[in-house]
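Undergrad: According to TrEMBL, the protein has these features:
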DOMAIN    6-353  domain 'Isopropylmalate dehydrogenase-like'
BINDING   78-91, 282-294  NAD(+) binding site
BINDING   Arg98, Arg108, Arg136, Asp224  substrate binding site
SITE      Tyr143  site 'Important for catalysis'
SITE      Lys192  site 'Important for catalysis'
BINDING   Asp224, Asp248, Asp252  Mg(2+) binding site
Amino acid sequence: MSEIKKIAVIAGDGIGPEVVAEAEKVLKRTEELFGYRFETEHALFGGVAIDEKGTPLPEETLEICKKSDAVLLGAVGGPKWDSNSADLRPETGLLGIRKALGLFSNLRPAVVFDCLKDASTLKPEVLEGTDLMVVRELTGGIYFGEKFRRDTEFGQEAVDTCAYNETEIERIVRQAFEIAQKRRKKLASVDKANVLESSRLWREVVIRIAPDYPDVELEHVLVDNCAMQLLRRPSSFDVIVTENMFGDILSDEAAMLTGSIGMLSSASMGEGSFGLYEPVHGSAPDIAGQNVANPIATILSLALMFRLTFGYADAADAIEAAVAEVLDAGHRTGDIAVDKSQAISTTAMGELIVAAIKK
Ligand code: NAI
Ligand code: MG
């Protein structure tokens, strides 16, 4: 019998509880099929926590997360809390939980499912086989550097600074190398080393630690070129690692290679194998409570947890294959359906995927 893994489950608001419930069915099925053992503990977070505990991130929720091996999060937020002050807004809890758990990277896979490749704005033959992951540094760079304004003879001047130290660069680049080792063993490090000093240090660090990962094929790509290559040859990328602002932009670009926001999974990681896994989408108040949301982003986030935190590649492969099989058979939720009248419900999609998981 395998060791028991602890998962904190945070459903959140809006469609969060609906999509998380389907991912939990998938979790249970993989437990039965593969013999892995999980213990889940539910915790309050976001708007629902504001209503019941008076804060978006209750101390006990943080405690539950800290004693877990991984966190599965739905989504938070909604119009009910939009006019609240900052400390009573669900989204404030999102920043708080990432900080409290020391999560310094954001991982966004972009996978083009064969049968959905017509849904993209790009040509199907360009997209064919695309399966990449953007690893974005999350706690440094220009978003967190010193910023100020000053008066000059040309009027006001605004300054943002981009600072990175070797420790910050090394920990995320090592993480990206390790992720590449669990995938197709290719890493593209993206910088602007022809112009920026912070990028020159970034590249020096990458070159220094690369010999520790001799099995990974490394390329350095300038960010402007990377933006082009993502549209020209997306399938040639495996893992892309980059600093905060470049990653913000490139991960959104990469997301648009695929179909709907209802398909996009993500992970936030810190030191070690701990991770917080969540769909990229929000709480979708416009469709909440209607059993129409696409649960695939959350189910794929669970697969990512199996792969990255637990190293259960067989279960992760099985879940991803089940999703592909159900899509190939033509089943669609409303967000990815061409003929909306044929769309199936959240629960129906979840149950089809559960039934398709094979050992
Ligand atoms: P959203 O992602 O919730 O929704 C955008 C659009 O995509 C909506 O039309 C929605 O119906 C659709 N959509 C989203 N997920 C879907 C799914 N699984 N299946 C089918 N359709 C889906 O973004 P929006 O509307 O900007 O924000 C709504 C609330 O969510 C806000 O309170 C926002 O602050 C919060 N939010 C929370 C996030 C999180 O918890 N990580 C991330 C983004 C937004
Ligand atoms: Mg963005």
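From the backbone N, Cα and C atoms, a Cβ is placed for every residue, glycine too.
Give me the structural setting of these features: burial, nearby parts and distances.
TA: All protein chains shown were included, and the count of other CB atoms within 10 Å of the CB of Ala284 (NAD(+) binding site) stands at 24.
According to its DSSP assignment, Asp224 (substrate binding site) is helical.
In three-state terms derived from DSSP, Tyr143 (site 'Important for catalysis') belongs to a helical segment. The C-beta environment of Tyr143 (site 'Important for catalysis'), restricted to residues of the same chain at least 6 apart in sequence and closer than 8 Å, consists of Asn244, Met245.
Residues within less than 8 Å, Cβ to Cβ, of Lys192 (site 'Important for catalysis') and separated from it by at least 6 positions along the same chain comprise Ser199, Leu222, Val223, Asp224, Phe246.
For Asp252 (Mg(2+) binding site), no same-chain residue 6+ apart in sequence has a C-beta under 8 angstroms from its C-beta.
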Undergrad: Fill in the CA-CA distance, Ala86 (NAD(+) binding site) to Arg136 (substrate binding site), as an integer in Å.
TA: 26
Undergrad: Going by DSSP, is Asp248 (Mg(2+) binding site) part of a helix, a strand, or coil?
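TA: Asp248 (Mg(2+) binding site) sits in a helix per DSSP.
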Undergrad: Between the Cα atoms of Arg108 (substrate binding site) and Asp248 (Mg(2+) binding site), what distance do you get, rounded to the nearest Å?
TA: 10
Undergrad: Among the binding-site residues listed here (Arg98, Arg108, Arg136), identify the one with the smallest other-Cβ count within 10 Å.
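TA: Among the binding-site residues Arg98, Arg108, Arg136, the sparsest Cβ neighbourhood within 10 Å belongs to Arg98.
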Undergrad: Kindly point out which of the recorded positions Gly78, Lys192, Ala288 have a C-beta less than 6 Å from some atom of ligand 1.
TA: Gly78
Undergrad: What average pLDDT does the predicted model assign to the domain 'Isopropylmalate dehydrogenase-like' (6-353)?
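TA: Summing pLDDT over the domain 'Isopropylmalate dehydrogenase-like' (6-353) and dividing by its length gives 95.
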